[in-house]
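Enquirer: This is the structure I have questions about; it appears just below.
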Amino acid sequence: MADFWALFANVWAADFLGMAAWQILAGALILLLFLVLRKIFAKFVIARIRSLTQRTKTDLDDKILDALEEPLKLIPIALGFFFMVQWFSLPPDTAEIILTVSQTLIAAVMFWALYNIITPLSTLLEKLLASLTSKSETLFAEEFINLIIKGLRIIIVAVGLIVVLSQWGINVLPLLTGLGIMGMAVAFAAKDTIENIFGGIKLLFDGTFKRGDWIMTPSIEGTVAEIGIATTKIRTFAKAMQSIPNRILAEEPITNWSRMTHRRVKMTIGVEYRTTSVQIENIINRIRDYLANSPDIADPPAVPQMVHLVEFGASSIDFSLYYFTKTKNWADWRRIRHENMIEFIRIIEDEGAGFAFPSQSIYLESTPENAGKQMEERDCYERTTEDSRKSGPGMSDLTEDDGDGG
């Protein structure tokens, strides 16, 4: 019977990876215990901290806690692996592996927390800049901070991977050297991409435009939707989204219409040549008075407001209107311009004048002796042509009617 119980002892002390069966079971129980502690830590400790942060006036501490919550939950598991080594006499190789696992978890906690905490800290930095700078500078700072955040996250992930690989005894120096050589090749092949990145940085530092601005370049016109690392997305007025490489935008002349102080109205009105000088003076003076008293029109000296005769045209006497509206909104600008034009028409009609249109006057200095005969022949030809058109389509008619259906 004693031999039978000895079998149990042998099984209990059986070696697996340098560990006895009882050590494996005890280690599993320790991990299970720390998993339970992880739940308790999340339910009570983090919940208690959250109740404290919710009492503050700022939401920054809540965002920081949200960023750190998931990484902190790995700490009890790392402690479980650590205490397995401390409480049991394990073979050196096995103890080293378990300690490396614990170190890897701690590294994950650190770099995961750094990765997450960038967002709330960037929000704090944006608020700080908003209190120290103007609105346009703040919007530029937001764009630049977003660009920096993307770069920092890439760096954090890369450094974290290097640290973890080093903990497992992997020599990262040859890997970094290989990556450096490969990076040079990639950089040479991705020359345009690198130029686009530096072009984006230049655009952000120059502050030429920001999200939501209406810009115009020789290649595109629309509203800036997003300023990325390599490209800028612009929503055209046809509601299409177009991506423009930053290096192109950085080199092109850019007109930022969103930064105009007022919106311009520029038009030319032509009246008939039979309009008298008194009528013209009355029309111009009434239009000037109307613009000067309009609540929608900006007044000098902030902007010019001009109504003047400018040209004796081929068919009209032309005067030019040049003024600015107070609003910069496109729809409001169109409404105001429409109302102005209706009022200009009323003023011209009230003064008994009319709008000119292209016309020609033909003066016959002498009449040939056979002019009457030529006119009769022309009338006969026109009647013959009209009869042929009524009888059926000719070749010219077919050609004109054979369109593309557009």
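Glycine is no exception: its Cβ is also placed from the backbone N, Cα and C atoms.
So TrEMBL has the following annotated:
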type: TRANSMEM; residues: 20-41; note: transmembrane segment
type: TRANSMEM; residues: 97-118; note: transmembrane segment
type: TRANSMEM; residues: 144-166; note: transmembrane segment
type: DOMAIN; residues: 151-191; note: domain 'Mechanosensitive ion channel transmembrane helices 2/3'
type: TRANSMEM; residues: 172-190; note: transmembrane segment
type: DOMAIN; residues: 192-259; note: domain 'Mechanosensitive ion channel MscS'
type: REGION; residues: 366-406; note: region 'Disordered'
type: COMPBIAS; residues: 374-390; note: compositional bias 'Basic and acidic residues'
Enquirer: Should anything in the same chain at least six residues away from the transmembrane segment (144-166) have a Cβ under 8 Å from its Cβ atoms, list it; otherwise answer none.
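Expert: Non-local partners: 104, 107-108, 110-111, 114-115, 118-119, 122, 125-126, 172, 175-176, 200-201, 204-205, 229.
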Enquirer: Considering every residue in the domain 'Mechanosensitive ion channel MscS' (192-259), what is the mean pLDDT value?
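Expert: Residues in the domain 'Mechanosensitive ion channel MscS' (192-259) carry a mean pLDDT of 87 in this prediction.
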Enquirer: Using DSSP, break the domain 'Mechanosensitive ion channel MscS' (192-259) down into helix, strand and coil residues and give each count.
Expert: 24 helix, 23 strand, 21 coil
